[in-house]
Amino acid sequence: MTSHHSWYRYSINPFVLMGLVALFLAATANLTFFEKAMAVYPVSDNLGFIISMAVAVMGAMLLIVVLLSYRYVLKPVLILLLIMGAVTSYFTDTYGTVYDTTMLQNAMQTDQAESKDLMNLAFFVRIIGLGVLPSVLVAVAKVNYPTWGKGLIQRAMTWGVSLVLLLVPIGLFSSQYASFFRVHKPVRFYINPITPIYSVGKLASIEYKKATAPTDTIYHAKDAVQTTKPSERKPRLVVFVVGETARADHVQFNGYGRETFPQLAKVDGLANFSQVTSCGTSTAYSVPCMFSYLGQDDYDVDTAKYQENVLDTLDRLGVGILWRDNNSDSKGVMDKLPATQYFDYKSATNNTICNTNPYNECRDVGMLVGLDDYVSANNGKDMLIMLHQMGNHGPAYFKRYDEQFAKFTPVCEGNELAKCEHQSLINAYDNALLATDDFIAKSIDWLKTHEANYDVAMLYVSDHGESLGENGVYLHGMPNAFAPKEQRAVPAFFWSNNTTFKPTASDTVLTHDAITPTLLKLFDVTAGKVKDRAAFIQ
């Protein structure tokens, strides 16, 4: 009788399966890592070193897989690693994404609409080809588990092999690795899915510390005093436009060849600041930092919610605080203030300007509607209004503006940015800046309608910049340690009808640290914590 043997009837040792998965991940999830490594160490002169890197990555991958994989969770763990490798490598290879804790926090706060913008055919092809199909093979594989004693020996042997693969290359090329880790340290952040796994563990530790942290607010401005009251002068009405994803080198006032802010160019008395650096490279990190007393050197995004911020101080002193948000949310900035002072403008519930485009995306200008009612309800009071933009949020820049701002053509109308002709990507991004220009100009126009009764002022600062394909990097979110300047150099503008608010010199080197003292000065508030800190006004 003829026997028939199907491939799925053959069994496989669990440690062989782990090795195959580790090899697959090392080979398919790290294309960007090897590309970055070879850019620093050309293959023509460093073939041995590059090969040693590949072996070391395989060793590290095997070590991680073996550490996480045990009999009763073997297949779920391997499948999870395969899916994670496919997803993380797609965004790394496509957008240059690096998975540090800040990026993970930003990803967790990404809403459904933003996630949809990142989904495309290439994404699903990658996930199916490098994630789902290998996972199916793992799921149907028949695993021949050894006895407990043999399994322990085989696990130890596999650990030994992984350590040999990891350490021997480092030993053979020790001088080059010493230089690599010292001078080119950022390149290692591109290793997937090891970096995401490490960052998940680190983030879990951070979240645990937050969960066990004291809930009492840590005050930084108990000594804050308002030196003049609205009863002694004209009350102040200030709009702070919290920008999104605008970069300084695409602003005409900073030498850019295009008129991306033509309406602001016509505003008398507008001050531009050309040398401003953001606190971070993501909304989740930068926005709380923009209102912090700590300054970016001492700022900790994980404990920011427990810290008094400048809005808490101004609210305590009687300044009316209002936050309207067409982005994600206030990132914790408004958490300690009454919910009645925060309004979501990302849906038609509050935003009346959502049907001007094919995407039914609510526009930033909708946040201006109805502000007169707020002013009337707080007549004679100092007021600070935050307008948090959608701005230039990527990758779907073409969705961020209406047809009247489509000045630069053709435009990239997709979210696979690397596949777009580079100039079309720039065109879409610059058109979105034209919409921001219009929004800021309209904010100033609205303030001017209240000049008779208020000293009015407008401050605009973007939360971070954006990479548009420079060196193969797109979007934002890179760790500060090696973020390109495009992700941290941001535009900032100031305008007021009050001539006593003298803007700082345009080329003054400033950071997001200048925002808190500026907001205090606009309401004649002094606080020792920031009394010597540079501001946008003198």
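Glycine is no exception: its Cβ is also placed from the backbone N, Cα and C atoms.
According to Swiss-Prot, the Zn(2+) binding site annotation covers GLU244, THR283, ASP463, HIS464, on the basis of experimental evidence. For CYS279-CYS289, CYS354-CYS362, CYS412-CYS420, the entry in Swiss-Prot reads disulfide bond, with the evidence type experimental evidence. The phosphothreonine annotation in Swiss-Prot covers THR283 and rests on experimental evidence. Residues or ranges marked as transmembrane segment by Swiss-Prot: 14-34, 47-67, 72-92, 121-141, 161-181.
Segment contact holds for the transmembrane segment (161-181) and the transmembrane segment (47-67), given three or more CB pairs below 8 angstroms at sequence separation of 6 or more. Here CYS362 (disulfide bond) comes close to ASN326, TYR345, LYS346, SER347, ALA348, ASN351, ILE353, CYS354, MET390: these same-chain residues lie at least six apart in sequence, with C-beta atoms under 8 angstroms from its C-beta. If you take the CA of CYS279 (disulfide bond) and look 10 A around it, the recorded positions you hit from GLU244, CYS412, CYS420, ASP463, HIS464 are ASP463, HIS464. Looking at CYS289 (disulfide bond) and ASP463 (Zn(2+) binding site), their Cα atoms lie 9 Å from each other. Sequence-distant neighbours of ASP463 (Zn(2+) binding site) (same chain, six or more apart, CB under 8 Å from its CB) are VAL242, GLY243, GLU244, THR245, SER278, THR283, SER286, VAL287, MET290, VAL490, listed in sequence order. Across the fold, the C-alpha of HIS464 (Zn(2+) binding site) and the C-alpha of CYS412 (disulfide bond) stand 22 Å from each other. In the three-state DSSP assignment, the secondary structure recorded for CYS289 (disulfide bond) is helix. With a threshold of 8 Å between CB atoms, the same-chain residues lying at least 6 positions outside the transmembrane segment (72-92) that come near it are 14, 17-18, 21, 24-25, 28-32, 65, 98-99, 118, 122-123, 126-127, 129-132, 134-135, 138-139, 141, 143, 190, 192-193, 196-197. Close to the recorded Zn(2+) site, the chain also has VAL242, GLY243, THR245, SER278, SER282, SER286, VAL287, ASN327, GLY391, HIS393, SER462, HIS476: residues not among GLU244, THR283, ASP463, HIS464 whose Cβ is within 8 Å of the site's Cβ mean position. Packing around CYS354 (disulfide bond) is summarised by its Cβ count: 19 other Cβ atoms lie within 10 angstroms of its Cβ, all protein chains included. Spatially close to CYS420 (disulfide bond) yet at least six residues away along the chain are CYS412, GLY414, judged by Cβ distances under 8 angstroms. According to its DSSP assignment, CYS362 (disulfide bond) is coil.
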